[in-house]
C-alpha cells in the first residue's frame, strides 16, 4: 500500500547532505544512498526540489509488501525540436542500497554495485491538460521490484518482460516491456556502491515477439527511429494504436535480416512443458522428466557447462510461485505479500529437491522421445531452432509445473551424453537438444542471454526457479532435420489459426512433439 505526497527531498537551499558534519536529524531523514540519488535527480530537475512521490506506507524492511521505498515523479518538458514530447519521468528508490546498514541490502563495499546495482525509471507521455502524473507506473515498478527481490535476478539493458496485459489496465496495445539505459540519468557513485538507471519502455505484442526472435537492443534502436513509438528518449505513449511495423513496414525487413544474420539473444523461457520416454513402459517413470539432446561423444566444454549452469541457477528458482503480480488489484487476490527472504537467506534455505552428487545420477539411452508444450511455449520452437540452434547457441525451456528443464543445444555447445550410435540419452530432468551446426566464429552466447530468461510464459506473472544439478538427456539432430522441422512446424507461427491438440511426428527419427491445452500441464502427472 502506498500514499502520494511531496518528497521532501532536500533542495538547493536545503541543509547539508548527511555526513560527519550533518545534524543527526538530517542524517536520519536522508540516508547517504538516498541522498546520492536525489543529487542526480536535482541535477536534471533543479527547479523541482520537492516532486510528487509515491511512498510505501509500511517499508519493506518493516514487513511491508513493496520493495521500493519511494517512486519520485518529475515533469520533463522534453525537446520539441528533437521530437521529444513533454512527459512524466518516474524514478525508483529501493533496488539500490539506500541505508548501508544491512536492513535491506548486504553492504559489500563501495567498488561494486549498490544493492542490486540499479534503479528503475519510466517515461510516460503527458496528456494534454494533465496537471499531475498518473500513479499506476509506480505500481508497475513495484511489481518489477518484487520480482527482483524474490528471484534475486537483476535486469540488464535489452531485457524484455512479457506482461500480457495493458500496463495501465486500459484497452491499450502497450502490454509488454523492454529495458534500456535511461538517456539522461548518469550512473551514481554512492557510499554503498554504484547505481545505474534502467528505463522501462512499453511495447506492443508484435514488438515483444520481434525482440524475442531477434534481440531487445535491435528493437529498441528501431523504436528510437519512430517518434510516435518512443523516439530518441523512448517515451511510452499508452495511446499508441499502431506497432512500428504498421507505421513503417520496412522495419520488418530489418528485423528479418537481423534474425538471419545475428540469430536470437533469447536463451530460454519458463514454460508449460513435459516429456515422455516412449521406449519404456509407462509405469517405469524413473528419470523420465526431461531430455538432453547432443551430437558428439564429447563432454560439455567448461565454458558452456558453466554458462548453462549459471543460466539455470541465476535465471530461475525451484518453486514456481508467481512473484510478480499483475497491477490489477482484483487479480492480486490470494497472493501472499510476505517479505521476501534476503539474498543470504535464499542461499541457505531448504529446498524441496535434494542435492544429489552429479556422478551418482544414472545415465541411460532412449529409443524414442515425446516432447509436450502448451501453445505459447510451442510457438517459440521455430525461434529456438532458427534463431538459436542454427547459430550455434542453446535454448532452455524450464517447466513452471515441476523441476524439469529442456535445453536445446547446438554443436557449438558440445553435447555430453548422446552419440551417433545412441542419439537419445537420459540424465535426470535437464533436457538439451543440439543439432549438427557449424560452430560460429562469434561467441556462442552474448552476455545478455542469462538475463533473457526474464521472458515469462504465464499471463501477468514471473516464475523463477533454480536447478541445483545439471541432469537431463540428449537427442542428436542433424542440421538438415532442423530445417525439416522448421518447415513442418511453420503453422506454429500463426496461433490464431491453431487448433489444439496438435501433434507432429518424425517416425524415422523416433521423435514426436505435441502442442496441448494448458489444462493438461496442470495435472499432477506433469
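The chain as shown is numbered from 1 upward.
Every residue, even glycine, has its Cβ placed from backbone N, Cα and C.
Feature annotation (TrEMBL): of 287-318, 319-350, 351-382, the stretch labelled region 'Disordered' is 319-350. TrEMBL assigns the feature region 'Disordered' to one of the listed ranges (1-24, 25-48), namely 1-24.
Look at the domain 'Suppressor of fused C-terminal' (475-515): DSSP puts its residues at 20 helix, 13 strand, 8 coil.
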